[in-house]
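All remarks here apply to the structure that follows.
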């Protein structure tokens, strides 16, 4: 069916892990002639990213997890107020359907939609269902998951399970295109490692990588690194590289503008295990060493990595396990036998769904066709 003149609301915010999958869907909806409006919170990441691409409306919203007693007491009142404001906004926008990708802003918008009989799709990017989506699952028309969730039958009712689909994480087209490209691991003397700390950086990873390169050189392993530090650690990390030859450094930057180029360049990635990073590495067929963020809610980054690890397409080290000895124990055999990297690349591509965006689009069309 055509989506022409259909008013679809995207709500997502807080982190890139929520925002970038939502952007991929929003773009596909626009290509299918839908009218797309984004709802986010002011003074947020989405407020700085989304306006370049889509019309965005704002409501104030905040979470309750790990907050003080006063905020926990006032939270229900604020949620009720924001939900009421969201109802007015949805009526003003003449919304036909709402898609929530997580973040606190999704709560009041999706609740408001359900209250006034507007269909709701929610998408969970992580291998652990977040608090907002656990609540919204009761009201959603369709529940989309990126990963198989352990013991989901204990978290969802039979009615909720019946409306649940595993669709993967939407990623950008230029990264999906890497899925069709075979990675060739030659007997090159250089092992190219991409290091990603996430948009805010990862201090522990940033500190150990320069030491890893020095130690590797001592053991005859020639590493070249492309290191994304995050904005907070750029100068400090650059200083840690000052005694390392430029022959071992492709670039050290706070951000990488074109991730498809970076993924295509690398033989191996060392990174956190945010949902989007895990999905992009898998789709790009890039073997990975995942270092889950220790403070991640419900340890979700550890669980995000497990599908790839269990399929022999990557490794996972807890941050306290991220020693030079453990990293070298992984890297040295891969450097000596590049066919292991090639096999890991093939397995990585099989672990995730690459047509996630199209599957979510299909959900949208089915719901609106039956509306």
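Placement of Cβ uses the backbone N, Cα and C atoms for every residue, glycine included.
Positions annotated as UDP-N-acetyl-alpha-D-glucosamine binding site by Swiss-Prot, on the basis of sequence analysis: 15, 16, 17, 126, 172, 199, 256, 275, 276, 277, 278, 279, 280, 301.
Here the features listed in Swiss-Prot are placed on the structure.
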{"residue": "15", "record": "UDP-N-acetyl-alpha-D-glucosamine binding site", "CB count, 10 Å": "20"}
{"residue": "17", "record": "UDP-N-acetyl-alpha-D-glucosamine binding site", "CB count, 10 Å": "26"}
{"residue": "172", "record": "UDP-N-acetyl-alpha-D-glucosamine binding site", "CB count, 10 Å": "19"}
{"residue": "256", "record": "UDP-N-acetyl-alpha-D-glucosamine binding site", "CB count, 10 Å": "16"}
{"residue": "276", "record": "UDP-N-acetyl-alpha-D-glucosamine binding site", "CB count, 10 Å": "26"}
{"residue": "278", "record": "UDP-N-acetyl-alpha-D-glucosamine binding site", "CB count, 10 Å": "32"}
{"residue": "280", "record": "UDP-N-acetyl-alpha-D-glucosamine binding site", "CB count, 10 Å": "26"}
